[in-house]
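Contents: one structure, followed by commentary.
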Amino acid sequence: MSRIFSGVQPTGNLHLGNYLGAIRNFVGLQENYECIYCAVDMHAITVWQDPAALRSNTREVAAAYLAAGVDPKTSIIFAQSNVPAHAELAWIFNCIARLGWLNRMTQFKEKAGKNRENASLGLYAYPSLMAADILAYKATHVPVGEDQKQHLELTRDIAQKFNNDYGVDLFPIVEPLIFGEATRVMSLRDGSKKMSKSDPSDYSRITFTDDRDTIAKKLRKARTDADPLPGSEEGLENRPEAANLVGIYAALAESSKQDVLTEFGGSQFSTFKPILTELAVEKFGPVGEEMKRLMADPGHVDAILKEGAARAHKLTEPVMREVKEVVGFIAP
Ligand code: TYM
């Protein structure tokens, strides 16, 4: 049976890339699959988080899921730290994953920067915890943006090595689900960098909390080149900023880049940007509004997280029993 798992880090500044690349895709999957969606607070503390902000950001991730249309009656929404299996299985995976595998992780290299000696051990082991998130539920499919592909390959390697080392067929080999026209939304200030929660410039991203005027201002200031939009996708080559705005439009309109270019080819950005703004306000604005409304009642969000954690915990129990038996741990 297929089971979906995905997670978002509660590190603030949730943005349009998180929405179009991941959260929006969570919603449609609910119709046909059992879905488990997590606010990964233990991943967040691999870099310093202010404790009060972490608590609020964790609720905000849950509120964003709800606002986007995740139904807590069918899907499970919970906070990672509330289910002990994640940390337990991560330790076992730390003993399966090889240093050489982790050394190849580009996200670690980016986040640790030049001062690698000063990065936390948790940041280095991050992908092992991510594998545990997924495999504690024997999830089979993981909807994410493109930037998580390498981590999911590592999840597959860990599952395979565990199964081989112990001669079992315990963990599934997960499939990434990377779909839509905005699997990698780029910064509005620099088409070579992805839109990110940690970019120092607020103008690089559109966030869930931006109002109409802010969305309009950010798109007006978005970097572009001087040429009009091309009529076909080949014309977007070597034009990263143009490609990004067209991709965002296509994703919001649920059409394709080619359809957008068929409609707007030849238009100047001065014409296209206000139309894109209207679309963003119409499609993304209400999600942010609903998230803010939900955040005004943290008790409601906390109740959903609590119930979700209990359901998630139940699902992990038989898996963890099986894993511990296979590894050779004495039953308590
Ligand atoms: P995080 O919190 O960085 O991002 C959450 C989701 O948003 C996607 N995303 C993007 N998609 C398109 N364009 C962008 N610019 C963009 N930026 C982010 C991410 O790909 C992700 O799907 N390691 C994960 C969290 C995680 C996880 C997991 C995910 C922990 N455990 C288990 C799946 C399964 C992360 O840092 O996502």
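Yeah, the Cβs are placed from backbone N, Cα and C, and that goes for glycine too.
Checking TrEMBL for motif ''HIGH' region' across the ranges 10-18, 199-207, 226-234 points to 10-18. The range from 194-198, 209-213, 264-268 that TrEMBL describes as motif ''KMSKS' region' is residues 194-198.
Of the listed candidates (Val174, Val185), TrEMBL assigns Val185 to the same ATP site as Gln9, Pro10, Thr11, Gly17, Asn18, Gly145, Glu146, Asp147, Lys194, Met195, Ser196, Lys197, Ser198. With respect to their backbone Cα atoms, Glu146 (ATP binding site) and Asp133 (L-tryptophan binding site) stand 18 Å from each other. Summary: among the binding-site residues (Asp133, Glu146), the fewest other C-beta atoms within 10 A of the C-beta are counted at Glu146. Each residue contributes its Cα atom, and for Met195 (ATP binding site) and Asp133 (L-tryptophan binding site) those atoms are 24 Å apart.
Proximity of the binding-site residues (Gln9, Thr11, Asn18, Asp133) to ligand 1: a Cβ under 6 Å from the molecule is found for Gln9, Asn18, Asp133.
Mean pLDDT for the motif ''HIGH' region' (10-18) in the predicted structure: 97.
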